[in-house]
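Only one structure is covered here, and it is reproduced in the block below.
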Amino acid sequence: MTLDVGPEDELPDWAAAKEFYQKYDPKDVIGRGVSSVVRRCVHRATGQEFAVKIMEVTAERLSPEQLEEVREATRRETHILRQVAGHPHIITLIDSYESSSFMFLVFDLMRKGELFDYLTEKVALSEKETRSIMRSLLEAVSFLHNNNIVHRDLKPENILLDDNMQIRLSDFGFSCHLEPGEKLRELCGTPGYLAPEILKCSMDETHPGYGKEVDLWACGVILFTLLAGSPPFWHRRQILMLRMIMEGQYQFSSPEWDDRSDTVKDLISRLLQVDPVERLTAEQALQHPFFERCEGSQAWNLTPRQRFRVAVWTVLAAGRVALSAHRIRPLTKSALLRDPYALRPVRRLIDNCAFRLYGHWVKKGEQQNRAALFQHRPPGPFPMMGPEEEGDSATIAEDEAMLVLG
């Protein structure tokens, strides 16, 4: 998807990026980050298309400390990407360039864009589609953890889709190496996907820190979000949302969960364990019954007569199923007036009509808020959490000012 070009998207001049321009021809803008622009680019020798992430590192925009921080983070990201190169579900780093004013990272071009945009279009995904996505994601996370790498920013925006709708994990800006037994204390990530131990660590100096388990919590949030179309943890007052995360307060209350299996709900509950020790690892999650599939049984050695009998019985059975499907139980007026949304055919009719009028912003339950998917803020400090209090708009504004997160 091509984006409109603004003043901040101007290309570096030839002198500042000579080495990059000699090999690649930059094209349209396809994405933006906090301090970067992503463009489609074409390899001059082969004509092959790639995506280039361009980061400006100049004193005009950043302080000396920020400049060094961005450079160090990009070098760390480059090192990790080269270490995990070759995994089918992790984005491939093709080239990297660094000048005095700009840094360039060239990746495979993922034409289908972000999983976030796909989810926004679809509203919610089926269990079958979710199973495929989550299996690939957990395989990538397992590979990272086996190489002592923690991602720390797993979310649908950082999961890309290729032409075959296969996922690639991207954006390793917060990733780092973590030796066995080592703990982290740095506050980073996106509010709705932060694990409880990250929040507790930022508020309690005596907290031991967090480890690779934070990635599995984020996987649980992603799994919930794909199936429900909205995140598990949300409140209009962010301080209460953070408390919900730390206490693991979420519900399968929206109508979408009426048609979801108990198996996937069990997997979510095992990933969204507040205690990281009780949380599933990536390998354990991949062994969960949700990912089991029926393997094709061996072909029967049937005679032609037996094959004919099987075909006849199949046709007869299909006919009976078709007849039974048309025998709809009568709908009484009292049942319709009592709770029309509880009746699946009526519910689908209501949803379809509402969707045509209001698009993706149809709220189907008190706990559902699709707008929360779009609420991302820059990193900031956490306050100490006191008893819950009901407040007026001034109190709410104060809470939000104190709880500015990324």
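Placement of Cβ uses the backbone N, Cα and C atoms for every residue, glycine included.
Database features (Swiss-Prot):
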DOMAIN    24-291  domain 'Protein kinase'
BINDING   Ile30, Gly31, Arg32, Gly33, Val34, Ser35, Ser36, Val37, Val38, Lys53  ATP binding site
ACT_SITE  Asp153  active site, proton acceptor
REGION    306-330  region 'Calmodulin-binding (domain-N)'
REGION    346-370  region 'Calmodulin-binding (domain-C)'
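Ser36 (ATP binding site) sits 17 Å from Asp153 (active site, proton acceptor), taking the C-alpha atoms as the reference points.
Ranking the binding-site residues Ile30, Val34, Val38 by other CB atoms within 10 A of the CB puts Val34 at the bottom. Spread of the ATP binding residues is 15 Å (greatest Cα-Cα distance among Ile30, Gly31, Arg32, Gly33, Val34, Ser35, Ser36, Val37, Val38, Lys53). Cα-Cα distance from Ile30 (ATP binding site) to Asp153 (active site, proton acceptor): 21 Å (rounded to the nearest whole number). In this structure, Val34 (ATP binding site) belongs to neither helix nor strand by DSSP; it is coil. Note: the CA-CA distance between Val34 (ATP binding site) and Asp153 (active site, proton acceptor) rounds to 14 Å. On the 0 to 100 pLDDT scale, the region 'Calmodulin-binding (domain-N)' (306-330) averages 76 in the predicted structure. Of the recorded residues, the residue listed as 'active site, proton acceptor' and Val38 (ATP binding site) place their C-alpha atoms 18 Å from one another. Within 10 Å of the C-beta atom of Asp153 (active site, proton acceptor) sit 22 other C-beta atoms, taking all shown protein chains into account. Across the binding-site residues listed here (Arg32, Ser36), the residue whose Cβ sits among the most other Cβ atoms within 10 Å is Ser36. According to DSSP, Asp153 (active site, proton acceptor) sits in a coil region rather than a helix or strand.
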